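Asker: Sharing the record's features from TrEMBL:
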- B:7-33: transmembrane segment (TRANSMEM)
- B:53-75: transmembrane segment (TRANSMEM)
- B:87-104: transmembrane segment (TRANSMEM)
- B:110-131: transmembrane segment (TRANSMEM)
- B:140-158: transmembrane segment (TRANSMEM)
- B:191-211: transmembrane segment (TRANSMEM)
- B:240-259: transmembrane segment (TRANSMEM)
- B:265-286: transmembrane segment (TRANSMEM)
- B:293-313: transmembrane segment (TRANSMEM)
- B:319-339: transmembrane segment (TRANSMEM)
Amino acid sequence: MSAAAADSVSADAVHAPEVRLSGIGKSFPGVIANHDVDVTIRPATVHALIGENGAGKSTLMKILYGVQKPDEGTIEVDGTQHSFRSPTDAIAVGIGMVFQHFMLADNLTALENAVLGAERLHGIGDKARAEFESISSRYGFGLRPDVLVETLGVADRQRLEILKVLYRGAQVIILDEPTAVLVPQEVDALFANLRDLRSHGHSVLFISHKLDEVLAIADDITVMRRGTTVGEADPKTATKRELAELMVGSELPSPETSESTVTDVVQLSLRDLTLTDEAGRDLLSDITLDIHRGEILGIAGVEGNGQAELVETVMGMRRPTAGRIFLGDEDVTTWDTRRLRESGVGYIPEDRHRHGLLLDSPLWENRILGHQTRPPSVKGPWINRSGARKDTRRIVEEYDVRTPGIDTVARALSGGNQQKLIIGREMSGDPVLLIASHPTRGVDVGAQAAIWSHIKRARHDGLAVLLISADLDELIGLSDRIEVILRGRMVGTFDPARVTPQDLGAAMTGGNA
Amino acid sequence: MNTLKRIGFALLAPVIAVLIAMLATSIVILASGSDSSAGDFWSVILAKPENRIMVNIINQTSMIYLSAVAAAIGFRMGLFNIGVEGQYTLASYTAATFAGAALLPGAINVFASLVIAMAVGAIWAGIAGILRTTRGVSEVISTIMLNSIAAILVGYLLDQYGEHGGNQVRTKALHASSQVPGWVPFEDRDGAIWTLGLLAVAVGIGFWVLLNKTRFGFDLRATGLSQTAAVASGIKVNRMVLVSMLLSGAVAGLIWMPAYFGSAYTYGTTFQAGLGFTGIAVALLGRNQPVGMIFGAVLFAFLSAQSNSLVFQTDISPSVVQITQGVAVLAVVIAYELVRRYRIRLEQRSVARARTAPAQEVAA
Ligand SMILES: Nc1ncnc2c1ncn2[C@@H]1O[C@H](COP(=O)(O)OP(=O)(O)OP(=O)(O)O)[C@@H](O)[C@H]1O
Ligand SMILES: [Mg+2]
């Protein structure tokens, strides 16, 4: 096995070029996203880029991939200077990128997605299929060419995105927060793929806010702060603490331990909740659970096992086929989203771009979204502009949203800062119940700690929380109780004080709990 | 950025678009090889309007503006109500029939007729709204079909119940007590500025307030910007679709009312068709903004009114101004994008300068 692997390495070895970014600068209205950035990606290495939200990581990657043009600085690939006018130019010298928001066509097959737009490379027939299969097996992706993308889970979609980039001949692969959407087992599998890529001679440049992962896989680490590279760290010797302190430039707050605040007043109660799709398949089956005031109930599960459906049903965006939902004493099964929100249900959606923001509207208008019928955003039928603006300023302050101002459009914020704005908004107006899907997805370690303490404080004051997260540390650290969801069913209850990530992982994938 | 500069930037794109449109029109005239030159054309179009034409421009502006607002209400939430034409045709006929019957006296008759026009416009648009929300029929398709149906229906009803005279047919003429002619700024023969043109002012202000100041307007814009985010925020999109179709249709119902009560007094050959489509173009030109559409409406009214003089002074067809109008609509879309990018570049440069200035000091 190892001999064969060694053989194949030499057979299809690629020689990723050395990529050197020097003196890169890029400004947007009101912000300097990058200045004096120097990074060198050595051939056949995994290079991690870390830094606070808004440090300029995504911007730098977009510059390297030709999506954005730098104002100053140079990009050298194997010693030759290049200026990329578009991603096509970057691909031509072997640089490919997978964005955080996947860009696959759901109703096409995996093979069709890979070939789409690259028909000139290997045609669309048998040669294309052979190339697809050879990439998939070479790096252990295990993707079947004819499977419909809509049936794939996140981890497979991500592998397909990487395959797509390899299919186009990329030797340097850029991944923007690839692990944010994965559960630990999937992260391990992805890292195995990345190691394979490296041993074949590819380089990988990736962003992550999870420092354990960075230490586990990276050969080189570059730290960015406030738009510039502030240092490099050696993963063999560096500790998480050191990295975090390099990132924020100060010490991290230590996580506060807290007493249980669970009361015996039930805030949300689901009774035999069932949801079936048009084809009659069960998306959710007989879900029964209670969340008390002052309690955080964590839902663990691999993405795509009914979490999204559960949230949308509780939020009134889908009608359950059977079963009842109670908010306090009230039967809210048939209530619509607005009425639920008016009764104090906060909602942090899984996909912030699709469900959480008006990307082209200013921040203060985004403050109103979802709160259109409640002060301080409105006065009767009128929009209360000054009230909304004032409260937006409060959120920006309290949640440390890094922005030039509240008139900036949401699109111009970095991913983590968009998330902080949403959290601040949904925690406004003293909600009684918070439905939180991946609340700290994409935020840096410092902000994550801050968000956790916000949530804990609200819990102390009686907030009930339904927490869905792919981050097991978050689930274990925050929840008072954890339920595991698998194929639309609750399959086990765990005590976070005693459960290990391994146990949870086994239960989530259907192993024995 | 100071206010003056902001206004300057806001005007930049439309000005560029108009210049491009003028250039394109000139090229067409040159290429057509007519005896009159592009210079002749522009000297007629850009001449100071005669008094009579001045009045006409103002009157046309009010109707075009109403039509633009009707279209913009739908556009702002991503609904393509192409049916303004049919809505105001049917509304105009119905209101004219009702008003002509003089069931009510004087001003009350006017008021009731306006309400009827709005109701009919709303119902006609509402059909498309209901088809969309219950059956998923695209409003583009249904409103286009409703336009044809409205035209046929009005033709039939007019023929059946109208007053036939010579080879013309029209609704019963409006009683003098319900006529609302307007204000004569020049000589009597130059005509009057219709009083009901003020409807356009009221609707414009109402639209601005609705969009920017009310919860409903916020929901409308949010739905147009992101339907998924709108749903998650608690907006009932189906209800919004229906309500905005009704509103759009109600405004459409008013389009021809200034002309009817101001000078036509009967629905027949006097009816001015085509305003519904003009409104769509003007809404695009004005980016569905209450203020932007005023400029668009004035521009269209001005070009159309001035073009009538072409017949007397050149051998260029008045319909050439439609090229100017069309190119302006297309060019403005591109011009806005260019101006936007230019503005961002300017701002970026000023940010970069702010940073390098102190840094250089240190270096030196
Ligand atoms: N298109 C844009 N227009 C204006 N400002 C932008 C734009 N893109 C990014 N910025 C700004 O540039 C800065 C850097 O953003 P970037 O997305 O690179 O951060 P990041 O390091 O990827 O952060 P995160 O970890 O939150 O994703 C931020 O202040 C952001 O507001
Ligand atoms: Mg980012």
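Backbone N, Cα and C define each Cβ position, glycine as well.
Could you place these features in context, so I can see how deep they sit and what lies close by?
Answerer: Away from its own ends, the transmembrane segment (B:140-158) comes close to residues 80-83, 85-87, 89-90, 93, 97, 124-125, 127-128, 131-132, 169-171, 267-268, 276 of its chain (Cβ-Cβ under 8 Å, at least six residues beyond either end).
Residues 52, 55-56, 58-59, 61-63, 65-66, 69, 72-73, 76, 114, 180-185, 217, 220-221, 251, 254, 257-259, 261-263, 290-291, 293-294 of the same chain lie 6+ residues outside the transmembrane segment (B:191-211) yet bring a C-beta within less than 8 angstroms of a C-beta in it.
Long-range neighbours of the transmembrane segment (B:240-259) within the same chain, counting only residues 6 or more positions beyond its ends whose Cβ lies under 8 Å from a Cβ of the stretch, are 59, 62-63, 66-67, 69-71, 73-74, 76-77, 79, 81, 83-84, 87-88, 91-92, 95, 113-114, 117-126, 128-130, 132-133, 139, 194-197, 199-200, 203, 216, 219-220, 223, 230, 270-272, 275-276, 279.
The list of residues near the transmembrane segment (B:265-286) in space but at least 6 beyond its ends in sequence, with Cβ under 8 angstroms from a Cβ of it, reads 14, 17, 63-72, 75, 82-89, 92-93, 96-97, 100, 147, 158, 162, 168-174, 179, 252, 255-256, 259, 292-297, 299-300, 325-326, 328-329, 332-333.
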Asker: Against which stretches of its own chain does the transmembrane segment (B:7-33) lie, if we need a Cβ under 8 Å and a gap of at least six residues from its ends?
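Answerer: Residues 41-42, 285, 292, 295, 299, 316, 320-321, 323-325, 327-328, 331-332, 334-336, 338-339, 343 contact the transmembrane segment (B:7-33) from elsewhere in the chain.
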